[in-house]
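Comments concern the structure below.
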Amino acid sequence: MRRVFDFHGGIHPAENKQQSLTRGIRQAGVPEQLTLPLSQHIGAPAQPVVAVGEQVLKGQLIAEARGHVSVPLHAPSSGVVAAIAERPIPHPSGYSAKCIVIDCDGRDQWAPLHGVADYRDHEPTQLLERIRAAGIAGLGGAGFPTAIKLAGKPGASIRTLIINGTECEPYITADDILMRERAGDILAGIAILRHILHPEQVLIGVEDNKPEAIAALRSAAADAEPGLEVIAFPTKYPSGGEKQLIEILTGLQVPSGGLPADIGIVCQNIGTVVAVRDAIVDGRPLISRITTVTGEAVAAPQNFEVLLGTPMQYLLDLAGFQPEHCLRLIMGGPMMGFTLASAAVPVVKTTNCILAPSASELPPPPPAQACIRCGLCAQACPASLLPQQLFWFAQGKEVEKLEQHNLFDCIECGACSWVCPSHIPLVQYYRASKAEILQQRHDHEKAEQARLRFEARQARIVREEQEREAMRAARKAAAEQRARQAAAKGSEDDPVQAAIERAKAKKAAQQSGDAATPEQQAAAQLDALRQRLEKSEQRLAEGRAAGEQEKILVALEATVQRLREKIAAAEAAAPQPETH
Ligand code: SF4
Ligand code: SF4
């Protein structure tokens, strides 16, 4: 029998799972309207490819992945796109975000689906593309795009595939019921993952508080290829954490800040594995999921297969919601879940549970007291952190110390808060600090990118100025060269030199004109005109001989004509010498 290991810390909160396991999975049906946030996964939100008023079919692509870490979105039922706009989403902040809203037509009519007859005929890359195109993100709660996780790091080989059948939150039973009812589909999904990853071993880890699920998996696994084991281990919270489960099943620890792939391991959630099977075998995109609806404020706790985008209020009503008994609604479990601002928000890919507890069942925590340094939080922490110290650093916003004390290894399991006798909401401080640090990193990256852009622009401006300067220098050198050549040849052919000489002559004439008689001035002017005429006639003759353009010749002829007329006028007006 395989040895199982233990991880540091952990707690044993009271279980409340039986309530929702008295019935099988129930189809929730089609509500009147579906609201689909464009971001139901980690990474860039999907980009709508439909317009308001457009008719869509069930399974049709309505938003495509944008960027590497992103997944597309599909219509969960047929109908008409009623809006693409901001709507409240299930998020701890209570924020709104962009959603595609579909008014369902009730026909639930499928778009054509294209599964593959035998996945073994397809390359792993082709199967990964199908998984990505089906919009599959981790259904365990994190929502990381599955195809990216399966693709792993280039060159890193996967020795162990771990299937996470652990469901340690006290109320959630969505995976438990799936293992009981669809163990065959889980094994079919695992076979596809084995074809993609070629691991040496596959370990399905399930806590021992799910004997029916373990039996169903073991029965289905009897026909599976060798190298696959269903491993039961003692129930403890939070065994479902990826790093904790890896340690339980293999004894290996994922290095701080590292990924399971760094030690040759990939983990996938049970629900995700079924979604992979549905995408490859049936060609069915991810448009629904199993969600537990439970708590003392619902009359009939149970698990639903629910279309994504279904209003939580619709699901709660199916389970016999009694709002008068409910103090707050929680998405997820009491340990890691968060309070919802409204029951109008939709079910999304990560909605594994809607918990409607009564006031006595989950009373509001009493006011926090001062830390008494009892150390219980450190004993409970499964990540071997020092929660009390992290708390001080978080309060003081000492970012560097938080990072030095491995804040980002915190899996936000809430075990420290659970055991704290002073009722300090420790995990909330860590969440806030992480968000702040990530925002700071993001801002720093943006500032760095802006700095690099600015420097590149400055460098380009300097380079362009240098190029312009070089061209100016080259033009100047060429002009000087031409001038030297013209000077050597004589100034007659050089129009610049000729102009300079004309100006010199004019100035000299003006200077000398002051002292000359009117007859002398007229004679000098006539002389100058005759010289210009001579040059213009010569230029015209050369132009004709060289076959220059017609318009140039016309202009030269006009100049010659004008000079002739000026000379004639000057000759006529010239003062006659006096006769005595
Ligand atoms: S459990 Fe609470 S009181 Fe005890 S050391 Fe940790 S933070 Fe302080
Ligand atoms: S919430 Fe973080 S610090 Fe607290 S016990 Fe869990 S992992 Fe440790």
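Cβ from N, Cα, C; glycine included.
Looking at 465-484, 485-504, 505-524, the range tied to region 'Disordered' in TrEMBL is 505-524. The range from 3-39, 225-261, 447-483 that TrEMBL describes as coiled coil is residues 447-483.
Per TrEMBL, the candidate among C326, C413, C420 that belongs to the [4Fe-4S] cluster 1 site alongside C371, C374, C377 is C420.
Sitting within 8 Å of the Cβ centre of C371, C374, C377, C420, and not among those site residues for [4Fe-4S] cluster 1, are the Cβ atoms of I372, R373, G375, L376, P387, Q388, C416, V419, P421, S422, I424, L426. Sequence-distant contacts of the domain '4Fe-4S ferredoxin-type' (362-391) (same chain, at least 6 residues past either end, Cβ-Cβ under 8 Å): 7-11, 238, 241, 243-244, 295, 327-328, 330, 334, 355, 402, 405-407, 409-411, 413, 415-426, 429-430, 433. Checking the binding-site residues C371, C374, C410, C420 against ligand 1, the ones whose Cβ sits under 6 Å from it are C371, C374, C420. Excluding the listed site residues C381, C410, C413, C416, the same chain places G9, C377, A380, P382, A383, L385, P387, I411, E412, G414, A415, L426, V427, Y430 with Cβ atoms within 8 Å of the centre of the [4Fe-4S] cluster 2 site Cβ atoms. Of all the binding-site residues listed here (C371, C410, C413, C416, C420), the one with the fewest other CB atoms within 10 A of its own CB is C371. Proximity of the binding-site residues C371, C413, C420 to ligand 2, judged by a Cβ distance under 6 angstroms to any of its atoms, singles out C413 in sequence order.
The 10 Å shell around the Cβ of C377 ([4Fe-4S] cluster 1 binding site) contains 27 further Cβ atoms across the protein chains shown.
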